[in-house]
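Annotated features, as they stand in TrEMBL:
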type	residues	note
TRANSMEM	22-43	transmembrane segment
TRANSMEM	55-73	transmembrane segment
TRANSMEM	85-105	transmembrane segment
TRANSMEM	112-130	transmembrane segment
TRANSMEM	142-168	transmembrane segment
TRANSMEM	180-199	transmembrane segment
TRANSMEM	211-234	transmembrane segment
Amino acid sequence: MAATIGIVFTNKAIFDDPSFKLMQTSFASFHFVCTGLTLYMVSRPQIAAFVPKRAGLVEMLPLALAMCLNVVLPNLSLAFSTVTVYQLARVLLTPMTAIINYVFFQQTIPRLAALVLIPVCAGVGITSYYDMQTPSADRKVATTSTIGIFFALSGVCASAAYTVLIGAYHKKLQMSSSQLLFNQAPIASVMLLFAVPVMDKIPDFAVVPMSRWMMILMSGGFASLINISQFFIVNSSGPVTSTVVGHLKTISIVSIGWAVSGRGVTDRSALGVLMTVGGILG
């Protein structure tokens, strides 16, 4: 939980720096390197969290591309949105995945579960709308831009497609999530490096303060801790505990993000937050 909360607010601080706001592909590539190194370390016999299993390069390209979009688009959302909107938008991953599974695979979910998703979607919409409005009485309140909403929704679509694709690859290659990720991360990192000259606006590194470099290293460290912790949560405590921890992360990030945004409890976007969180708990 600490690593997840830490990475969100550290990344937000990095992206608030104009020099790094348009460095998304480089940043994602760096995180994939951290992920690959972490998986390599925990797969060694001394730890043996999982047994590596190799897949063909060409075979992994579609999944690696989806992985890139799954990271770059949400990062862009975080760069142009408040933390609250960024995190609440990620909750839409569940209904979007359900829609994709229904449209393409005719898979359904229980009616009660579908009804619970209605206030979740409505809550995200309400929060996003009012988060784009700056209260006239206070211009220091953090807001979300229209492009931030676009990237948030695009990121949800990319993440949902990635989630469905992972399920297909699980069945096709008979691999665990860690084995798939171990194959994807290096490929995705190299793919993004080819996009850096086109997509990124490279800053003058000579004028970047040391504090910003420290934040980037912290972000990589948090990413590694998240990957490592997931192994032990699922293996030692089971998927139910993993789900509960995920909900606690969401509520914690939304609460802290709201606290630092400068908005008060009477702000109308608070209704959307309560509706979304209520749907998650339901």
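From the backbone N, Cα and C atoms, a Cβ is placed for every residue, glycine too.
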Could you name the stretch, out of 22-43, 55-73, 85-105, 142-168, 180-199, with the greatest number of CB pairs under 8 A to the transmembrane segment (112-130)?
85-105
If we call contact 3 or more Cβ pairs under 8 Å (sequence gap 6 or more), are the transmembrane segment (85-105) and the transmembrane segment (55-73) touching?
no
Determine which residues of the chain contact the transmembrane segment (22-43) at the Cβ level, with the cut-off under 8 Å and only residues 6 or more beyond its ends counted.
11, 14, 49-52, 67-68, 71-72, 75-76, 79, 178, 181-182, 185-186, 188-189, 192-193, 195-196, 199-203, 216, 219-221, 223-224, 227-228, 231
